[in-house]
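Swiss-Prot lists 145, 148, 158, 161 with the feature Zn(2+) binding site, giving sequence analysis as the kind of evidence. The ATP binding site feature in Swiss-Prot is assigned to 333; the stated evidence is sequence analysis. The domain 'tRNA-binding' annotation in Swiss-Prot covers 570-670. The motif ''HIGH' region' annotation in Swiss-Prot covers 14-24. The feature motif ''KMSKS' region' is assigned by Swiss-Prot to 330-334.
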């Protein structure tokens with residue numbers, strides 16, 4: 001089975017300042033299943049990835065560890081590659097953005113943008129650390145909250161009261177890096193003039209390159225108006241210097257997606273493949289990116305505009321997935337559910353997770369929840385109980401009674417053909433990234449096979465020597481049906497498929513190799529392909545995750561002494577009201593702000609809340625929350641905020657307060 005199609009597939013590049021966790025693996029497993037599906041179809045499908053190895057966090061972490069950024073990123077890259085290999089995630093090339101290939105391509109693209117008039121210079125003001133002599137991102141400034149007087153709060157929001165503000169609003173601000181008091185300073189930055197490409201992007205986003213949910217989201221951003229994109233950072237910075245501009249570097253988000261091209265360029269140089277065939281503006285090949293919903297803006301707006309403006313092809317499609325939650329909540333270090341890949345591997349088989357994620361991924365942008373009771377049930381009941389059990393039950397008789405040789409004919413060709421008839425539908429489900437549908441169809445087939453074996457009862461027939469031929473035929477049938485099932489599951493379970501090929505004594509299985517059954521064929525002695533999940537191992541994994549990630553005590557957020565106690569009269573001054581969120585939209589140009597319109601029954605108020613990273617706008621609309629209704633309005637650069645919504649936080653997540661059923665907009669909270 002061969003095809004003339006040529007495809008290049010990428011996953012988002014993991015950041016090179018920490019180890020992989022299960023949230024990363026959702027995307028990389030999703031990508032790997034899709035690539036394996038196409039390779040089994042005989043399509044030239046090349047997958048590349050690499051580490052995102054630039055930026056301030058990497059520079060500072062390396063300094064903290066007393067090593068160079070190059071040494072840090074090299075070490076993390078090895079860790080990432082080791083984890084990917086353990087989970088059978090098999091990229092054709094895995095590179096790094098800190099590479100000669102990426103520097104050449106980033107410089108080329110920038111110079112083409114500059115020559116085309118797409119780069120503009122603007123002066124901006126931000127906090128500057130006079131000791132470290134560097135500009136400070138918001139998260140590298142801390143001080144006392146201007147709202148509640150809680151100390152040691154970040155420069156963009158307070159984790160005690162939930163207020164959002166600018167770093168310059170902090171009381172007694174200090175640099176997280178040096179402890180010095182920062183000063184405001186101007187700097188000239190380089191911007192990509194994204195609004196010039198608004199019509200091109202509108203056209204591109206409406207031609208089926210994105211999921212419908214993403215296209216709808218982009219429509220909101222178009223309505224709000226596109227902004228020029230800051231693509232430069234000031235020294236000191238770990239990244240590529242902008243040619244001819246002293247002390248200026250490309251922002252990490254400029255060269256990170258170019259890293260896809262750089263990884264492929266390295267692959268081409270080593271394999272003799274044409275880079276231009278895949279990246280030329282007139283390319284007939286296909287280009288696919290798998291990304292999380294948090295980086296859609298970069299991949300569906302900046303990236304295609306930058307490619308088109310610099311003379312390269314644009315993506316065939318950008319496929320977006322949701323976030324991973326654990327037991328219905330965001331991953332949490334304190335609960336032990338922030339699980340690193342290495343902690344999982346210390347206790348559980350990697351293909352349990354591949355199977356579970358496949359059973360939940362549906363091609364939409366929905367979040368995926370890892371529920372451990374469901375995890376145990378799906379693996380034990382479906383994968384082990386239904387699929388592996390078929391081979392186990394039938395192979396025992398073939399191994400012991402028939403010298404490992406299958407019979408010379410099938411006793412139920414119709415059932416064999418019934419399972420084969422599901423092939424196109426299973427392939428279609430995998431290709432459309434609806435892996436959950438594929439798994440359901442495969443398990444339906446497995447049910448039919450188990451019903452066949454249960455109805456024929458070879459273990460009963462085997463007690464009668466005169467019926468051994470029937471036992472032989474039934475078990476031969478079972479082995480051939482298992483062969484079909486494991487072929488269907490091969491993109492999801494490549495390790496188990498390989499072990500099955502060895503057991504079946506067959507060539508590598510692919511979509512077109514299973515039409516002809518194995519008859520009068522010698523198989524090998526069966527060895528267990530997969531064992532059941534033990535709940536104790538899950539508990540041990542959670543304990544390890546909690547212990548390993550909580551070695552540093554969490555600093556308690558406490559307000560200043562005089563603010564510890566208030567009188568009931570003081571509390572009574574705060575007018576807390578039930579509010580209904582009638583509209584929500586992310587604030588363009590602000591990392592964390594969401595603009596909320598709140599209905600108080602007899603009036604509506606606008607509030608800016610720092611919950612953008614915790615919630616999508618769509619999930620907020622219509623829900624009830626609690627707001628401070630008599631807070632003095634505050635003018636921000638995005639508009640006037642007329643109150644504050646209440647949320648809880650542990651430093652790892654933000655959780656909006658929501659009243660019980662029966663509460664109505666405008667009710668006082670007492």
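Every residue gets a Cβ built from N, Cα and C, even glycine.
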Worksheet item: Among the binding-site residues 148, 161, which residue has its Cβ surrounded by the fewest other Cβ atoms within 10 Å?
Response: 148
Response to the item:
residue 333 (ATP binding site) has its Cβ surrounded, within 10 angstroms, by a count of other Cβ atoms equal to 18
Discussion item. Should anything in the same chain at least six residues away from the motif ''HIGH' region' (14-24) have a Cβ under 8 Å from its Cβ atoms, list it; otherwise answer none.
Written reply: 51-53, 55, 57-58, 61, 72-73, 76-77, 79-80, 83-84, 96, 323-324, 326, 331, 338-342, 344, 353, 370
Item to complete: Which residue among the binding-site residues 145, 158 has the fewest other Cβ atoms within 10 Å of its Cβ, if you could check?
Response: 158
Discussion item. As a quick check of your reading of DSSP, tell me how many residues in the motif ''HIGH' region' (14-24) are helical, how many are strand and how many are coil.
Written reply: 3 helix, 2 strand, 6 coil
Worksheet, complete the sentence: Whole-number mean pLDDT, the motif ''KMSKS' region' (330-334), equals 78
Item to complete: Between residue 333 (ATP binding site) and residue 148 (Zn(2+) binding site), find the distance joining the two CA atoms and give it rounded to the nearest Å.
Response: 26
